[in-house]
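S.K.: The following block contains the structure, expressed as C-alpha cells.
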Amino acid sequence: TMVMPTGASHVLLVLLLCWVAPSRQELAPVQLRLGGPRGPAGEGRLEVLYQGRWGTVCDDGFDFNAATVACRQLGYTAAITWTHSATYGQGEGPIWLDNVRCGGSEGSLAECVHNGWGISDCHHGEDAGVVCSGQRLPGSSPQATTSGHLGEVSGLTLEEVRLKPILARAKLSMPVTEGAVEVKHNGHWRQVCDANWTRNNSRVVCGMLGFPREKNINTSFYRKLWNRKLEDPNSSLKTLRQKNSFWVHTVQCQGSEPHLARCPVQVAPPTPRQHACPHGMHAIVSCLPGPAFQKGTGKGKNKTAPGKVLPVRLRAGTHPGEGRVEVLRHGQWGTVCDKQWDLAAASVVCRQLGYGTAKQALLGARMGQGLGPIHMSNVRCTGHERSLGECRFQDAEQNGCRHEADAAVRCHMPHMDFKSQVRLAGGRNPEEGVVEVLVPVQGRLQWGSVCGAQWGLNEAMVVCRQLGLGFASHALQETWYWAGSPDAARVVMSGVRCAGTELALQQCQRHGPVHCPSGGGRFSAGVTCTAHAPDLVMNAQLVQETAYLEDRPLGLLYCAHEERCLSRSADSMQWPYGHRRLLRFSSQIHNLGRADFRPRMGRHAWTWHQCHRHFHSIEVFTHYDLLTLNGSKVAEGHKASFCLEDTNCPEGLQRRFACANFGEQGVSVGCWDTYRHDIDCQWIDITDVPPGSYTFQVVVNPKHEVAESDFSNNVMRCQCKYDGQHVWMHGCHTSDAYGADVVSDLERRERLANNLV
C-alpha cells in the first residue's frame with residue numbers, strides 16, 4: 001500500500017476540487033440576450049450572462065445548430081440564420097464562449113461543447129449573432145422552447161397548430177387549406193372540440209397557418225364521416241374520444257388576434273368528471289390562400305378595392321413574407337414610423353398582401369432604412385381591417401419620425417414544400433453549390449441539373465429564396481469546382497427565365513423540351529446565397545437640385561476622353577481647340593440594404609488609370625442616359641466606379657470605406673457615396689443634342705455585377721427640358737417610387753405639353 005504525506009494529499013484534494021468545480025458551473029443555467037445598435041427584436045449580437053457579467057460568443061465553430069439552441073433558449077420558435085464578424089456591432093466585456101458545438105436539441109447554450117468559460121483566442125470583431133423566427137410572446141420564459149404561452153390558463157402551452165386533411169382532395173393539395181384543427185400541447189397533438197367553435201376561431205387559425213382569410217364550410221359531410229368511423233369496430237376513435245387527453249375543450253377568439261396566444265383557451269372542462277367533448281367532433285377549418293399560393297398562379301397580386309385601400313409592399317426582407325413596410329400614398333411610396341407599431345397593425349399588412357397574421361412587428365429599421373417620405377405614424381388597428389389605410393394613423397411629419405424608426409414585419413406563410421424541390425450540391429458550405437431540381441420526367445419525379453446557359457442573378461435569387469437562404473450573391477454558368485450529385489447528372493431544365501419574384505424555380509418560364517448544347521456537367525448552373533444583401537438607391541431630389549450646363553474646353557478633358565466619358569463626335573474634333581457642352585449633376589447613392597455593397601473583384605484585380613491616378617473596382621458602376629420621350633437614346637455616359645466609399649454616414653455609424661492610400665472600397669449599410677457635380681465624368685455630353693424635351697435616366701449597378709436585395713429601385717428618371725442654352729429638371733424619382741399609374745400620367749402630361757399625342 002502506498003502512503004502519501006499529509007501535505008501531498010491536501011494538494012491532491014485541492015487539485016481535484018479545482019478540476020471538478022467547472023463541471024458544476026457548466027450545467028448552471030445561464031441567461032442570454034440580443035444586443036446591437038438597433039435593439040433586441042429577434043435578431044442581434046448574442047450575449048451571455050455568466051458569473052454576474054454579460055459577455056459575447058465567438059463566431060469560431062458557431063453554426064446553425066448553435067443558433068437554434070440560442071433562439072429556443074431566448075423564447076423564439078427557431079433560428080433563421082446566424083451571423084459572424086460582429087454583424088451587429090462589437091460587444092463589450094469578456095468573450096465567454098468559443099468553438100461552441102451543439103447538436104441542436106440542447107436546452108441551453110451552456111450544455112453545448114465549448115472551450116470552457118472565458119477561454120478564447122478571439123476579439124470582439126468576431127462576435128456571433130443570431131436571427132430568430134417566431135414571435136416572442138408576452139409571458140414566455142427565457143428558457144422556453146416554444147414561441148410562448150398560447151392561452152390564459154397558467155402553465156398551458158399550445159406549441160403548434162396544424163390542419164389534418166381528411167378528404168382525399170385536401171390530402172393532395174399543397175398548401176393544406178382544409179381539415180381538422182390540431183394543436184400540440186406538452187408534446188402531444190390534440191383535437192379541438194367543435195362545440196362552440198366559431199368563424200372567429202377559424203380566422204385566427206388560418207392566419208397562423210399563413211392564410212389571409214377563412215372560408216365557410218358545410219360540416220355535415222364531415223359529421224357523416226365521423227359517425228361512420230365511430231361505428232367502425234376496427235377504428236380506435238370510439239375509445240380515444242372518451243379520453244379528455246384527446247381534446248382541447250374550448251377556444252374563444254374575437255377574430256382580430258394575430259395568434260391563438262391572445263385567445264382564451266380551456267384544455268380541460270371546468271369540472272374534473274365532465275367530458276371534454278360529449279356530443280361533438282373535431283373542429284373543421286377551411287382557409288382561403290392568398291393569390292400567390294393559389295393553384296395555377298405563380299405571382300398573384302391582390303385586387304385593391306376603391307376607398308381607403310392603400311397599396312402596401314415589403315422591401316429588403318431575407319425571406320418571403322418579411323421586410324420593411326412601404327405604403328403608396330399620394331401617388332408615392334413611403335415608409336411607416338414604428339411609433340405604436342404592433343402585431344395588430346403588422347397583421348393587417350400581412351393579410352393585405354395575401355399572407356397570414358404577423359409573427360413579428362419589427363421596430364427600429366430592422367429591415368433597413370427607407371428613402372423618401374414617411375407616410376404614417378401611430379398606426380392603430382383593430383385587426384379586422386382589410387387595408388392599412390382603414391386603420392387610424394397620424395401623419396409622420398407631425399411626430400418627428402426619421403427613417404431610423406421605419407417599421408417592418410415578418411408574416412406567417414403557408415407551408416408550400418418548395419424547399420424539398422431544389423437542393424445545392426458540391427459546395428464548400430450549405431449556402432453554395434450546383435443547382436439540382438426535382439421535376440417530373442416521363443411521368444415520375446427525378447432529380448437533375450439546370451443548364452448554365454443564360455443563367456443569371458434573377459434565377460439564382462429564386463433558388464436562394466426557395467431554399468430559405470435569403471439572396472443570391474453569385475450566379476454561376478459554369479461550376480468547374482463543384483461536383484454535382486451522381487443521381488442528378490442529367491439536365492432536366494434549360495432556358496430558365498425568372499422575374500426574380502417567384503417563390504420556386506418551377507414557377508419560372510423555361511424550355512418545353514430541354515435544349516442545352518453545352519450538355520450540363522461542368523456547365524450546370526450554380527449559386528452562392530447570402531442571408532443579407534445591399535440595396536443601392538439614388539437620391540433623386542439631389543439630382544434635380546444640382547443639374548446645370550457647362551461648356552468645358554477640350555484642353556481640360558483629356559483624361560475624361562481617355563475614360564470614354566464623352567460622345568463619339570469628340571474623337572473627330574481638333575484637340576485641344578473647342579469645347580463640349582456637359583449636363584452636370586451630383587449623385588448621392590444610398591445603401592438601404594442590410595449588407596455592405598462591395599466590388600465583386602478583389603483589389604488585386606482592380607484597374608489602375610494613370611491619367612486620373614485612381615483604381616477602377618467595377619467596370620461600369622452607373623449609366624447616365626438622355627432619352628427621347630419614346631425611349632430611344634440621344635446621349636449616354638457612364639461612371640466607372642473609380643472610388644466607392646462612405647462619403648457620409650448617419651449619426652451613430654462609422655465610415656468604414658475610404659479610397660485614400662489604396663483603401664478598401666465599398667458603401668456601408670446606411671451610408672452613402674456622393675459624386676459631386678464638379679468631378680470628371682459626372683455628366684452627360686449633350687454637345688450633339690438638339691433642344692427639346694427628354695427623359696434623363698441614371699441606372700445604378702446596370703449590369704447587376706453586384707447582387708442586391710432589390711433591383712427595382714436601381715433606375716432614376718427625371719423629366720428634362722433643354723432649350724439650347726438652359727436645362728430644367730423636374731419630377732425626378734426612382735423607378736419604384738411612384739405607382740405605375742402616376743408615372744404613366746407624368747409621361748402622358750409631358751407628351752401632351754409637347755404635342756406628341
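Cβ from N, Cα, C; glycine included.
Note that TrEMBL annotation is computational and uncurated.
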S.K.: The disulfide recorded in TrEMBL for C71 goes to which of C18, C132, C193, C206?
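M.R.: According to TrEMBL, the disulfide partner of C71 among C18, C132, C193, C206 is C132.
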S.K.: Which candidate, C102, C122, does TrEMBL give as the disulfide partner of C112?
M.R.: C102
S.K.: TrEMBL annotation: C58 disulfide-bonded to which of C122, C193?
M.R.: C122
S.K.: The domain 'SRCR' (161-288) vs the domain 'SRCR' (32-133): three or more C-beta pairs under 8 Å (separation of 6 or more)?
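M.R.: With fewer than 3 qualifying Cβ pairs, these stretches do not touch.
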S.K.: About how far apart, in whole Å, are the alpha carbons (Cα) of C381 (disulfide bond) and C401 (disulfide bond)?
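M.R.: Their Cα atoms are separated by 19 Å.
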S.K.: Out of C112, C132, C401, C498, the disulfide-bonded residues in the record, which is closest to C253 (disulfide bond) when you go by Cα distance?
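M.R.: Looking at Cα distances from C253 (disulfide bond), the smallest one goes to C132.
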S.K.: How many Å lie between the Cα of C122 (disulfide bond) and the Cα of C112 (disulfide bond)?
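M.R.: So the Cα of C112 (disulfide bond) lies 18 Å away from that of C122 (disulfide bond).
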S.K.: Output the one of C112, C132, C350 that, of all these disulfide-bonded residues, has the highest number of other Cβ atoms within 10 Å of its Cβ.
M.R.: C350
S.K.: Please report how many Å separate the Cα atom of C58 (disulfide bond) from that of C411 (disulfide bond), as a whole number.
M.R.: 31
S.K.: Sorry to bug you, but what's the C-alpha spacing from C337 (disulfide bond) to C71 (disulfide bond), rounded to the closest Å?
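M.R.: Answer for this pair: 27 Å between alpha carbons.
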S.K.: In whole Å, note down how far the CA of C411 (disulfide bond) lies from the CA of C498 (disulfide bond).
M.R.: 24
S.K.: By CA-CA distance, flag whichever of C132, C337, C350 among the disulfide-bonded residues is nearest to C263 (disulfide bond).
M.R.: C350
